[in-house]
Each structure stands twice: as C-alpha cells, then as structure tokens.
Ligand code: FAD
C-alpha cells in the first residue's frame with residue numbers, strides 16, 4: 001500500500017516536472033527556459049537546488065538553475081547539445097541561441113564549489129548510476145576489469161568486486177566518492193606508490209564531451225580525450241563509464257601504525273619502503289602527524305597503550321606515525337609474519353611503539369567510514385573544511401618539514417584535523433594525463449585536513465594555508481596543489497606550466513563554449 005502510494009506520488013511529481021518549463025540563467029545573464037520537448041528529468045524544488053549548491057568544503061554556496069537527474073546517458077548528451085546554443089524559449093518566443101553552464105556532480109565532496117554550476121544545470125551522476133542498476137558495476141568474465149557507471153561510489157565498486165574475489169588495486173582513503181569525481185582529480189592514497197593513482201588504472205572511458213558528443217576513449221582510441229579527461233577537472237567531458245583494472249582480492253590485512261620521534265628516521269624508512277615494490281614490500285603506505293597542540297587520537301592503539309602513546313606525543317610535541325599495511329590470504333599466510341617481523345627489526349621507530357591490527361580487507365579499505373561516523377555524532381562532519389592538499393618534491397621535504405611543520409604548525413596555539421605526510425613514486429603516473437605532480441621521482445603527499453568546528457572561523461584556518469604556500473614560494477619549494485581552487489588565470493597557467501597550452505587546446509577541441517564544470521574557475 002505504502003509502495004503504491006509512493007509510486008503514484010513519484011509519477012505525479014515527474015508528470016508535473018515534465019510539464020513545467022525550467023528557468024535557468026544563460027551565460028549572457030538572461031533567463032532561458034529549458035523546453036519541455038527536450039524531455040529531460042530536471043528538478044527545481046528547493047531541496048534539490050540547495051543540495052546541489054554546496055559541498056563537503058561547506059565554504060561556498062552557488063545555486064544552479066536546475067538539477068538534471070538523468071535516467072540515460074542520451075539525456076545528458078541532449079542537455080549538453082542544447083546548452084551549446086539550442087534555441088532558447090523566452091516566455092514563449094524563440095530567441096537566438098544562448099549557452100549555459102553544466103557541471104557533473106558525483107558525491108559533491110569537493111572543497112570549493114568545483115561541482116557547482118551557478119544559474120546553470122548540475123547533472124546528478126548518482127541518478128545515472130541508479131538507472132544503470134543492476135549493471136552499474138559489471139565485472140568481466142575473466143575478472144581483470146570492471147565496467148562502472150561513473151556516478152557509482154567506490155565503496156560499491158569494492159562490494160561488487162570482492163563478491164567475485166577481485167578488487168581494484170588503488171584507492172582513496174575514503175570510499176564514498178564517485179568514480180567520475182576521483183578520476184577527474186587523480187584518486188590517491190596509500191597504494192599509489194605501488195600501483196599509481198586511480199587515473200593510472202583505467203583502461204577505457206565513455207565520455208560525453210562539452211559539445212554533447214558521446215565518445216569512447218582509451219590509450220589507443222581518442223587518446224587526446226582519454227588522457228585529457230583523467231585528472232581533467234571535469235573540463236572536457238562528462239565521464240559516464242569507466243573500465244577499471246582489477247586484480248585478485250586478498251581477504252585480510254595486517255595494518256600497522258608505527259611511531260617515530262625522529263623525523264629523519266621516519267623519512268628514511270618511508271622512502272625505503274616505497275622503493276620496495278616486490279612481494280616482501282608493504283601494500284599500503286601513508287603517514288600522519290600527532291601534535292601536542294592538536295587532538296591526539298589514540299583510538300587505533302590498544303586501550304592499555306593509549307596513555308603511553310599520549311605521553312610520547314606530549315613529551316616530544318610531535319610524533320610521526322608511519323602507517324603501513326600488508327595484505328594476505330590463505331596462500332600468502334606463510335610470508336605475512338615474516339614481513340611483519342622484518343619491519344619490526346629493521347625500522348628505526350621509537351622502541352616499543354609498533355602496533356599491528358589484523359582486519360578484513362573490506363574493513364581496512366573502508367576505515368575512514370568509522371571516522372566519519374564519529375565526527376557526525378559529534379556534529380563535526382558538516383562544518384567548513386578549508387583543506388590544503390599539496391605535493392612536495394622529495395628533495396625539499398626536510399626544508400618543508402623544518403619551515404612548515406616545525407616553524408608554522410607547531411607554533412600554532414592549536415591545530416585541527418588530520419595532517420597527512422607520506423611519499424609516493426612518480427614513475428606510476430603518466431605525464432600525458434592532466435594531473436600535475438612535482439618533477440621528481442619521489443614526492444610527498446601533504447594534507448592539512450583542517451575543520452572549523454564550534455566558534456572557530458574557517459578564514460583563520462585558511463590563513464595558515466596561505467602561510468604554507470607563501471613559505472614554499474619564498475623558499476623556492478616547487479609544490480603542486482591537489483584539489484586546488486584558483487580564481488586567477490595566472491595561477492592556473494602556473495599550475496599547469498608546460499601543459500597549459502595543451503589543456504587550453506583540448507578545451508577548445510572538446511568544450512569550445514566553455515560550459516563544463518565552471519566551479520573550477522579555470523575558463524570563466
Ligand atoms: P564531486 O565533488 O562531485 O566533483 C568533483 C569535480 O569533478 C567537479 O568539477 C565535477 O564537476 C567533476 N565531476 C564529477 N563527476 C564527474 C564525471 N562523471 N565526469 C566528469 N567530471 C566529473 N581524494 C584523493 O585523491 N584521495 C583521498 O584519499 C581522498 N579522500 C577524501 C576524503 C574525504 C572525506 C573527502 C571529502 C574527499 C577526499 N578526497 C580524496 C577528494 C576527492 O577525491 C575529490 O573531492 C573528488 O572530487 C570527490 O569525488 P566526488 O564524487 O564527490 O566529486
């Protein structure tokens with residue numbers, strides 16, 4: 001009975017929506033109606049508009065004119081062709097062509113409105129993934145790849161893959177991000193040193209370009225589009241399907257956090273471990289900082305050790321946490337203890353401060369979900385997040401550490417959130433992709449993941465980010481920002497450096513009217 005009622009309600013709403021022309025803002029600033037004849041499932045109710053207007057960053061708020069909830073990829077192509085200057089219908093009369101902005105939105109976990117389309121149309125990619133069900137994730141017969149609807153969250157890719165005993169090889173720390181969203185940036189984490197970012201593990205893509213053309217691309221087929229879109233910040237097309245590389249899935253993980261009071265030993269061990277990509281090396285490597293002027297989270301450690309961990313942090317003011325994981329299953333069980341034993345004997349950590357948990361593979365990959373639940377319960381998830389993510393050349397990491405960590409962070413009266421600090425290998429990245437990295441074999445991923453809870457003002461935290469950037473600038477440390485948001489063209493030109501001309505050329509080729517992902521502020 002309830003189901004029937006719900007269905008009738010949805011039918012009525014859909015009918016109402018389909019009979020009501022939708023008002024959006026054109027690039028020229030005039031009101032444009034989306035004609036009913038386009039047959040698009042657009043939503044303009046306050047809830048849908050508000051949900052599409054902000055993101056995880058909780059700093060920007062940009063209302064779109066409408067949200068497209070597509071049930072097929074052809075609907076997206078139709079919208080984009082119309083956005084390129086189909087006839088607009090101004091209060092009944094047909095006027096010359098107008099263009100308007102369109103942005104794909106995966107999970108909206110951007111930080112500064114990158115998935116917004118002020119006045120234009122936000123394409124809700126979750127709708128497409130839902131419409132594709134049960135074929136949103138299709139594992140190939142031989143288990144070597146998965147064809148995935150781009151609006152699918154990585155956690156659902158993982159679930160579908162492990163059911164078949166396989167798994168993607170490289171992950172972000174948090175899995176409730178869409179495939180299309182992370183492929184538009186890079187998708188980095190603790191497996192990147194071994195397998196590269198997520199963009200290095202894609203065989204093929206279906207993309208609807210800014211002109212509304214549906215194209216399949218791969219390293220061999222339309223390679224300009226393929227490499228452009230990977231890390232392309234949504235500028236060239238909307239990814240609708242991605243073919244993701246898979247490998248055998250392990251079942252369990254030895255997950256360690258190993259504490260260092262000495263930065264040189266921490267750095268030396270991290271860099272040595274990422275150079276070991278054979279069977280005896282680790283499968284995952286990250287690192288983070290525990291500082292006495294911040295919240296010291298000891299929940300990973302056994303209850304009986306939590307007090308001495310907290311004391312170690314207080315005594316040294318800063319402790320470097322090496323985080324490594326080694327996967328195993330029944331076949332690799334014999335070597336797992338050997339690897340852990342070798343780590344405990346050869347690494348230069350603070351004696352007695354190596355802790356190992358043994359957890360299922362799924363739980364390990366999904367570990368940040370627990371943090372999310374904790375923060376949500378404290379009301380600290382939906383707060384402003386002025387995050388700064390940067391890649392620092394390996395050759396300057398000591399200077400960065402001395403200037404930024406010792407000089408700036410430890411001198412704050414308090415710090416907030418998590419600070420990530422780990423190296424990765426550049427040889428796993430393909431320079432033809434759009435993402436920018438420092439020009440060195442080893443570079444560090446630094447994440448100042450600050451959150452402004454309570455009365456704290458996010459601008460104050462942002463000041464710290466500015467100081468970090470300024471310090472690098474003044475010291476000649478050639479960092480590259482990740483998940484960045486620049487508003488000045490010169491900053492984008494500097495960011496892309498030698499790739500800028502190519503980026504611009506692809507924009508003209510695939511999205512000449514500059515309609516896509518305007519929230520990135522690259523071509524506005
Ligand atoms: P959205 O925010 O929805 O979109 C991001 C950009 O991509 C927008 O410009 C949008 O228009 C465009 N876009 C979205 N979908 C498509 C598509 N199908 N085709 C073309 N363009 C598209 N990143 C990492 O690399 N590693 C991490 O470990 C990591 N951890 C994170 C943890 C948290 C809690 C959060 C909030 C973010 C994290 N990120 C991480 C950042 C994350 O990868 C990016 O913010 C990513 O864009 C989020 O995906 P999304 O689906 O929410 O994208």
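Numbers run from 1 along the shown chain.
Note: Cβ is positioned from N, Cα and C throughout, glycine not excepted.
Positions annotated as signal peptide by Swiss-Prot, on the basis of sequence analysis: 1-26.
In this structure, residue 39 (N-linked glycosylation site) belongs to neither helix nor strand by DSSP; it is coil. Summarising the annotation, Swiss-Prot assigns N-linked glycosylation site to 39 (among others) and lists sequence analysis as the type of evidence.
Taking Cβ-Cβ distances under 8 Å and a sequence gap of 6 or more within the same chain, the neighbours of residue 58 (N-linked glycosylation site) are 382, 383, 384, 385. The N-linked glycosylation site feature in Swiss-Prot is assigned to 58 (among others); the stated evidence is sequence analysis.
Taken from Swiss-Prot, the feature domain 'FAD-binding PCMH-type' covers 60-249.
Under a cutoff of 8 A between CB atoms, and with a sequence separation of 6+ in the same chain, the neighbours of residue 114 (FAD binding site) are 55, 233, 234, 483, 485, 517, 519, 520. Look at Swiss-Prot and you will find 104, 106, 108, 110, 114, 173, 178, 184, 188, 239, 482, 517, 520 tagged as FAD binding site, backed by similarity to another entry.
Marked as pros-8alpha-FAD histidine by Swiss-Prot on the basis of similarity to another entry: 109. Residue 109 (pros-8alpha-FAD histidine) counts 20 other C-beta atoms within 10 Å of its own C-beta, drawing on all protein chains shown.
For residue 124 (N-linked glycosylation site), applying a Cβ distance below 8 Å and a minimum sequence separation of six or more within one chain yields 52, 67, 68, 69, 70, 105, 151. The N-linked glycosylation site annotation in Swiss-Prot covers 124 (among others) and rests on sequence analysis.
A C-beta separation below 8 Å, combined with a sequence spacing of at least six in one chain, links residue 411 (N-linked glycosylation site) to none of the other residues. As annotated by Swiss-Prot, N-linked glycosylation site applies to 411 (among others), with the evidence given as sequence analysis.
Ranking the recorded positions 39, 178, 520 by other CB atoms within 10 A of the CB puts 39 at the bottom. Neighbour count (other Cβ atoms within 10 Å of the Cβ, all protein chains): 27 for residue 104 (FAD binding site). The two recorded residues residue 39 (N-linked glycosylation site) and residue 104 (FAD binding site) have their Cα atoms spaced 19 Å from each other. Cα of residue 482 (FAD binding site) to Cα of residue 109 (pros-8alpha-FAD histidine): a distance of 14 Å. Each residue contributes its Cα atom, and for residue 188 (FAD binding site) and residue 109 (pros-8alpha-FAD histidine) those atoms are 15 Å apart. For residue 109 (pros-8alpha-FAD histidine) paired with residue 178 (FAD binding site), the C-alpha to C-alpha distance reads 9 Å. Other Cβ atoms within 10 Å of the Cβ of residue 482 (FAD binding site), summed over all protein chains shown, number 20.
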